[in-house]
Structures are given as structure tokens and as C-alpha cells.
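**Student:** The following feature annotations were taken from TrEMBL:
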TRANSMEM  7-24  transmembrane segment
TRANSMEM  36-54  transmembrane segment
TRANSMEM  66-84  transmembrane segment
TRANSMEM  90-108  transmembrane segment
TRANSMEM  120-139  transmembrane segment
TRANSMEM  159-182  transmembrane segment
TRANSMEM  189-219  transmembrane segment
TRANSMEM  225-243  transmembrane segment
TRANSMEM  325-347  transmembrane segment
TRANSMEM  359-389  transmembrane segment
Amino acid sequence: MIINLKTLGAFFFLIFTLSSFYFYEPVFFSAELLKLVYWLLCSCVILLSVKKLLYTKEQLVFANGLRILLFSIFFSMVPAFISWGQSPLLTLRATFPFLGFISYFYLLTINPSIKFLERIIWVFSFSYIFIYFLSLSLLPEVYFGSFADRRIDDMRAVFRLFIPGRGFLFLSFFFAVGRYIYNRRIIWLYLSIFLFAVILMHVIRQYILFSFVISAIALLWNLTWWRKVLIVLSAILIGGYVIENSNVIQSLVLLTETQIGTDKPTEDIRVTAYKYFSFNFSPNAFNAFFGNGVPHEASTYGAYYTNIINADQKLYLSDVGYAQIYGLFGILGLLASLFLMIRTFFLRVDIKYLYLKLFMIYVLFANILSGYFLSYHNVVAISIVFFMLEKVHTNVGINAHTSKLDLRYKNES
């Protein structure tokens, strides 16, 4: 029997993607076992991708930025050891979730088709939705997303679940929005509404806000002014009714009012976190440039981060995405990450693939108030988008150095 190596490579990528968010963290497997599986598969992906990681003769848009980012991730073991006394082995173990960016170079190696990757997006989106609704039906027992050990509550009128892998949910949402813009088939609009309803059920305010605003702007972009006015007025009327009558939205509004309405004015906790991790976290200029490395709970560095910064000061790197990148991987990692995200906006692609750019615009904004870019929920999904943009950008024949920001709805092919 002849084994098709490309098919085998694609299947391996499916398994690796599942392992990157620990197979949705099922309670019936130990966290140590699932992490070990990911570490082994990630090590294999690194070995299989070494050639593309070190050198590519093609002129690629994202390769060098990802090389610098991965270098900053690996090199952060040095300042973590020198300044914080954390062993390189512990730093490497804590760093593994971020190494999913290597999947970009693995995709360059196996070179799958765009159609295959689009199928992957939908497979992981609907598998996540299935796991999500299954988990809701099984509450209060937690069977997935079990690593977090978080208390399940309904303060926001819906039970909040912490199931990993939701990056594909948001990517599929922008996929549906983009395809509706492309071919105006009503099925894509209905699918967009359904996916946004699932996003709404997650009751994460910044994710809801940014996904709604970005998709709304994209949908309205090419309409005549009077249609825009009509749609906006209709949206205001419908939105006002929904806000007044939706328990979920009312709970989010109440939560926001509670957080900002105190007897004495206090600084927003995320502003405090940005200031702390930007100016006080790094002990010296060397750490500021190369980062502090990822703290591991088994080290004194990890204990300081967990017991002092988290528990006492209530400050979390995962709440402040850009300060997180800077704090962990330094100015070098932050500049590489900003380059990767912003560079996507200045690529001209066929309208059929507009959703890739919409998703990256969403990532740029979502990362302001959360650790979206570095989250293991999203790392592989983002890497897939980088590869797909690389491929469709090449296919439309636009030079990477002369492309410009373009959201016009016309077919470039």
C-alpha cells in the first residue's frame, strides 16, 4: 500500500492542531498526559519544519517576522535564568503553548491547498460549538476545559465556560461574513448570525464588541449612503429593543456599571496592569529588550508572579495582550508581533479571502484587552491565517512591497 505523504502530513497537522489546545481539555484525561502529547507533537513539527524555519528561497511576507518572534520566545529562557533564576527547562515547558506559531513553517513544508485549510476551519469551528453546547447541557459537571479549575457561575446570565480552541469560532464567523460579502448568498448571512449568537453566549464584552463592529463595517463598506443610514437606524432600534429585553446583555451592562461605578475614582485595572508590566515588571534593560520569559509555577519566578502579582496585586498578563508580549518576550517580540498583525492589512487579496484580513483586524483589537495573540486557543488558527494570506496573496500576483490597504469589494482575480 502506497502512503500519500502529503495526506499523511495533513492528517498529522489535524492531530497537532487538536493537541495545541489539549483536545479541549477533557476531564477524563490527565492534564500532564495531554500536555506531554502536545510537547511531543510540537517537537516533531519543529523537526519537520527546520528547513523552512531556517531558510526559504521564496520571498515571503510573514516568514521573517515569525522567525524573529520564535527566536524571542526561545531566547527568553536566557533572561528568565539570569534575572529570575528560573531554569531553562522550566521556561521551555512553560513556553510550549506559544510555540504553536511553528505550524506556519510546517504548512510551508507540506503546502496544503486553501480548500483543505478552509475545511479545517469549519471542522474545528463546529467541533468547538458541539463541545460547547454539550458542556452546557452537562452543567454543573465540567467535562471539558478542565485545566483552568475555575468556578462556574452565571453572573452574566449565561454560564461561562473556558473551553479552549475558540479561535476557530471567531475565524469561521469572519469567514461567513466575508463569504456573504463575496457572493451575497443568504445562507452565509444566516450562518453569520448563528455564529455571532454563539459568540454572544460567551459573554466576553471586548470579543463581542470588536467582532460586531468589524463585521458591521465590512458589511456596510460598499453600500450607498442612504442604505447605510437606513441599516444603522434599523440596527439602533432593534439593538435598543434587544438590550432592554435580553438578560445576557443587561447582565453585561450591569457588570460594566458595577466595575466603573465606585464611591471614589479608581484607575481601571487593565490600565494599572499595562503600566506595571510595561514599566515595572522588567528588572533591567536586557530584560526589557529580550523579555523575562514565561513564569513556571514550580519556580520562584512563577511563585512570585502567581502569589504576589496575581493574588495580591490582581494583575494578569493575560488581561493586557501587548504588555504580555512585551513582558514575556521583550521589545523584540512585541515589534515582531505588531509587524505580523499590521502587515496583513496592507496585502491586497481577492474579495473571496477578505475574511482573513477581517480576522486579523479583530486579533489586533482583541489583543488590547486580552492575551488573544498568544493564547493557545488561537495560536494555530492565527498561523493558518498567516499561511493562507501568504498563499492567496501570491496567487493574486500583488508584490508584497507595493501592496496597500484595500477593503474594496471587487474581485481581483
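From the backbone N, Cα and C atoms, a Cβ is placed for every residue, glycine too.
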**Student:** For the transmembrane segment (66-84) and the transmembrane segment (325-347), check the count of CB pairs under 8 Å (sequence separation 6 or more) and say whether it reaches 3 or more.
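**Tutor:** By the criterion, they touch.
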**Student:** Cβ pairs under 8 Å with the transmembrane segment (189-219): which stretch of 7-24, 90-108, 159-182, 325-347, 359-389 has the most?
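**Tutor:** The stretch I would name here is 159-182.
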**Student:** What stretch, picked from 7-24, 90-108, 159-182, 325-347, has the most CB pairs under 8 A with the transmembrane segment (120-139)?
**Tutor:** 159-182
